[in-house]
Ligand code: DQA
């Protein structure tokens, strides 16, 4: 039984997981990650709404549309992490707890990946744990929502 709903949002190029630079992002596909998130959600009592888009406006529209239906947001904004004030603003506007996830350790990579527009508004940032980071984020989100009395 689910007591809370969490939006798991994925940004550009994450649809190519499994074939995209597997030495950085691993061999799992996005569908594998979605399945693991739904399984973790069942274990944690969270309904997981898992989505991916390559379009900034679509990610923002989904944040607006699901606003009243979800209690928390797990987001891997991918490249928009480093460029999008608009996504950071949308996350602030919907005013739900946010956990930012990156599959790779962005701090060990190019300097342009070291800055995130999203992190300042996030409860937590998980990076460098591979796709396990999504499961860790859902575990932490379950605790956050429990502490807020939302679950
Ligand atoms: C990423 C890291 C970003 O810098 C990159 O643009 C991505 C994926 C990650 O999950 O490690 O697309 O967010």
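The backbone N, Cα and C atoms fix where each Cβ goes, and this holds for glycine too.
Fair warning: this is a prediction, and the values are worked out from it, not measured in the lab.
The annotation site 'Transition state stabilizer' is assigned in TrEMBL to 20. Sequence-distant neighbours of residue 20 (site 'Transition state stabilizer') (same chain, six or more apart, CB under 8 Å from its CB) are 13, listed in sequence order.
Taking a C-beta cut-off of under 8 Å and a sequence gap of six or more, residue 25 (active site, proton acceptor) has these contacts in its own chain: 17, 103, 104. Marked as active site, proton acceptor by TrEMBL: 25.
For residue 104 (substrate binding site), the Cβ neighbour count at a 10 Å cut-off comes to 18, with all displayed protein chains included. The annotation substrate binding site is assigned in TrEMBL to 76, 82, 89, 103, 104, 113.
The active site, proton donor annotation in TrEMBL covers 102. According to DSSP, residue 102 (active site, proton donor) is assigned to a strand segment. Every protein chain shown contributes to the tally, and the Cβ of residue 102 (active site, proton donor) ends up with 22 other Cβ atoms within 10 Å.
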### Task
For residue 89 (substrate binding site), list the number of other Cβ atoms lying within 10 Å of its Cβ atom.
14
## Note on the structure
Record-annotated substrate contacts 76, 82, 89, 103, 104, 113; largest Cα to Cα distance in whole Å is 24
#### Entry: Tertiary neighbours of residue 76 (substrate binding site) (same chain, Cβ under 8 Å, six or more apart)
9, 10, 11, 14, 100, 101, 102, 103, 134
